[in-house]
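Structure record follows, encoded as structure tokens.
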Amino acid sequence: MATTAVPDDPGGGSPAVSTPVISTADDPTPNNTSKTTLPNPEGDALPLIRSLHQRLCTAPPPSPLPPTTITTTSSSFKSKMSNLKKTVVTFAKFVGPGFMVAVAYIDPGNYATDIAAGSSYQFKLLFIVLLSNIFAIFLQALSIKLGTVSGLNLAEACRAFLPWWLNIPLYLLAEGAIIATDIAEVIGTAIAINLLIPQIPLVAGCALSITEVLLILIWYAPEKGMRGLRMFEYFVVGLVVAVVVCFCLQLGMVKGVEVGEVFRGYVPSRELVERRAMYQACGILGATVMPHSLYLGSGVVQARLWEFDKRMGLVPATGEGEREEEDGLKGYIPSLEAIRHSMKYSVAELALALFSFALFVNSAILIVAGAALYGQAVDADLFGIHDLLSRSIAPVAGTVFALALLFSGVSAGIVCTIAGQMVSEGALRWRMRPWLRRLVTRGISVVPSIVIAAAVGREGLDAALNGSQVALSVVLPFITAPLIYFTGRDRYMMVRPGMARFGGHFGGEGGEVAGEGEEEEEEGVKGRLRRFLRRGSGQGEGGVVRMGNSWWITGFGVLVWLIITVMNVANLVLLGKDDGE
């Protein structure tokens, strides 16, 4: 049946009932002329199909990876690389103090204990070397935290936070530890000079040790800026690297050592409970975790805190005029920003220096002794060990050993003298020229060494070296106790947000200003501390940030202290039994 054509809707819509017209291209008949049409089987769907077809033809082809995604990925990668570069550059600026601390763990006292352990038990006591370095890293990290957060080194903190009747005995013990350590450095340097140049007697070698160290310490001048300080630190780093190179050469000369047997030495063994092994383990601990390094670690961090605050504009305007001390950092309390920025880099640099260089040197000494001297030099001194290395390995091995001993003695003497200066200044507030303080500190240890060398010779020097390590073992628990106590309590680890301050801990002259009408009933640091605690409510201008150790860190510190104390008590007991026998 035929149908009548209906014109298209001018608005583009299709009729509700009728069927649209389908015409040919060459049809001359106008649109408004009636003609015969064919039926449309799609009905009303035809306009929708045309619309979809047109959109499909004009749409852009799909991209497998949108340009925005490529830009975001590239930008993220560049950002990560930029952050990594910035972190590495910042970390490089902190290299130095950790190596100065590491020097204390490779001094001549370590030579005597590690060689005795290697020659007696071969590689079995490497576990004690590893354990001692873990303890050292933990305690040195606490020292860095104390110096960074409080702006005080350990000696200054003892004077500020402890009563005088407790501070004085701690100072005397610390001074005794400095003298005992410095005696070991002087003896080691004198022996090394005599081994390299036999024409120089031991007495002259002891005298030369004071001259060379004082000449080198002329470079140590924090008041002249970070550039000079970094040059001094890089010199100390060079000495540490020289020691490492010497022992790398010695390890290369050792033959017939199985790597698996060496690594098994880092695992506890049943030999550790033997009487002689326990005695030597105590000696390794006492020679590794040295008291003066804790004072040094808490005092060498201030320079970089000061540099950060000065660069960021966080130093008060009156600060420059208040730098009365020789080193320009006394009474300086760092800002919270400087603390948060510096502490993580300082701890990371310290851990790298101790766990790589110090651990390597101590392990290398023991490995060389265990490979070349096992069963031969149980009671040998440094002279005998030099002769045995020259005969059992090669003559050059003895020379390399003497060079390593010389580098260790010089570098350890430098940092020990600096630590002695920090102890005397912090505990007693000596007011002397830096060179005069260092001369007095160094002279106190050189004089006994010269007397011993002149009176009894080689045997007396070796006995003095071993006795100095026993003295350090006795002092160590007394020095670590206040360090763990200070860093574990919020009352001492508190920082007020804002700029850096001057005038003593928690304010003082040029620092915290008392409120109007506030009665200054208590003077000094302890009075300021009490007022600080009363006003430090955590709100408004009186708010503080508490940075004390968490409970598990404090608990681990107490455990370390107990282990050190028990081992040192055992050391004294065993020493007494040996002397009695």
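Cβ from N, Cα, C; glycine included.
Record features (TrEMBL):
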type     : residues : note
REGION   : 1-43     : region 'Disordered'
COMPBIAS : 29-39    : compositional bias 'Polar residues'
TRANSMEM : 88-106   : transmembrane segment
TRANSMEM : 126-149  : transmembrane segment
TRANSMEM : 170-196  : transmembrane segment
TRANSMEM : 202-222  : transmembrane segment
TRANSMEM : 234-257  : transmembrane segment
TRANSMEM : 277-301  : transmembrane segment
TRANSMEM : 350-373  : transmembrane segment
TRANSMEM : 393-418  : transmembrane segment
TRANSMEM : 439-457  : transmembrane segment
TRANSMEM : 463-486  : transmembrane segment
TRANSMEM : 551-575  : transmembrane segment
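Counted as Cβ pairs under 8 Å, contacts with the transmembrane segment (393-418) are highest for 170-196 among 170-196, 439-457, 463-486. The stretch in closest packing with the transmembrane segment (234-257), judged by the count of Cβ pairs under 8 Å and taken from 88-106, 277-301, 439-457, 463-486, is 88-106. By number of Cβ pairs under 8 Å, the transmembrane segment (551-575) is matched best by 277-301 from the list 88-106, 170-196, 277-301, 439-457. Contacts between the transmembrane segment (439-457) and the transmembrane segment (88-106): absent, as fewer than 3 C-beta pairs lie under 8 angstroms at sequence separation of six or more. The stretch from 170-196, 277-301, 350-373, 463-486 with the most CB pairs below 8 A to the transmembrane segment (88-106) is 350-373. The transmembrane segment (170-196) and the transmembrane segment (463-486) are in contact, since at least 3 Cβ pairs between them lie under 8 Å (pairs 6 or more apart in sequence). Only residues 6 or more beyond the boundaries of the transmembrane segment (350-373), in the same chain, are considered here, and those with a CB under 8 A from a CB of the stretch are 97-99, 101-102, 105-106, 110-111, 114-119, 121-123, 125-126, 129-130, 132-133, 136-137, 140-141, 144, 240-241, 243-244, 247-248, 250-251, 254-257, 262, 284, 288, 297, 380, 385, 388-389, 392-393, 397. Packing against the transmembrane segment (277-301) from elsewhere in the chain are residues 97, 100-101, 104-105, 107, 109-110, 112-114, 116-117, 120-121, 124-125, 128-129, 131-133, 135-136, 139-140, 143-144, 146-148, 152-155, 157, 173-174, 177-178, 181, 271, 342, 346, 350, 362, 415-416, 418-420, 422-423, 426, 469-470, 472-473, 475-476, 479-480, 483, 564, 567-568, 570-571, 574-575, 578: each is 6 or more residues past its ends and has a CB under 8 Å from a CB in it. Residues 108-109, 112-113, 139, 142-143, 146, 150, 154, 157-158, 161-162, 170, 173-174, 176-177, 180-181, 183-184, 187-188, 282-283, 285-287, 289-291, 294, 298, 382, 448-449, 452, 456, 492-493, 554, 557-558, 560-561, 564-565, 568, 571-572, 575 of the same chain, all 6+ positions outside the transmembrane segment (463-486), place their C-beta atoms under 8 angstroms from a C-beta of that stretch.
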